[in-house]
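Working notes for the structure below.
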């Protein structure tokens, strides 16, 4: 039986303790800041790509190899089973095994966010509880979208409220309209931000006005906004976002952490120059070529990318050259 928010509330101070050192380092920074949070989400999170073998089985040895390299990058934590993890293509057993594998390899001072969103509220609750048992610190819950015409603001508020009530770990909302065709309405976000077990949102829509309103209108809440793409990371920080969950961090993790650092220190000219160099590569591994492009680029930077699961297809040779050009033209290759 899923635990209620009231019963699981004592878990949140324990998670917050993991973040105390990082929080102390962020005092007095030059980016807009809000109240102290029970769980500090400030920083960069790569949404991990799931490595597959040539036979399209999850390759846990390669996953562990990537994790060893990512341990050298000052990420705030990792996201597993997001859009870039090919979450819809994994069986329930595989999803839990991936979380367990990452948790074993991840230092305790780094957060593990795990995607647990399903189409039904019941299935989402069950998977969220299972993710917590497998070692996730935070549940990242994407909007249900199959019956998107019925997903009114009130319906989505009810869905997320029931999930958050039942979840033994904090919940982060996940709005990714490019994949779901559904933008989590602003009024729903503002209502859900008041829930004690909903601590933030990953917004991948790229509407900076909307993100600024989220930050502004939730400034009295224990709620943080995470940019869902490296392409608008600096702009998000300028408006008060706490961090970013960026596909490009799978490839250029250190530069993205540097951009995070520059923004927090108020070094805006240097941050702008770096942001400009990241826009084209980011577009190439997201909107232009998607996960196949992301995995190909990972290989150029010493990570294991490997194949995607069908029906996702590998890039053609001309696409590979175009992808390489996006990185080389900006000085990364």
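Each residue, glycine too, has its Cβ placed from N, Cα and C.
These come from TrEMBL:
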- 174: active site, proton donor/acceptor (ACT_SITE)
- 202: active site, schiff-base intermediate with substrate (ACT_SITE)
- 245: pyruvate binding site (BINDING)
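With respect to their backbone Cα atoms, residue 245 (pyruvate binding site) and residue 202 (active site, schiff-base intermediate with substrate) stand 7 Å from each other. Its Cβ taken as reference, the residue listed as 'active site, proton donor/acceptor' is surrounded by 28 other Cβ atoms within 10 Å in the chains shown. Residue pair the residue listed as 'active site, schiff-base intermediate with substrate' / residue 174 (active site, proton donor/acceptor) shows a Cα separation of 5 Å. Around the Cβ of the residue listed as 'pyruvate binding site', a 10 Å sphere holds 29 further Cβ atoms from the protein chains shown.
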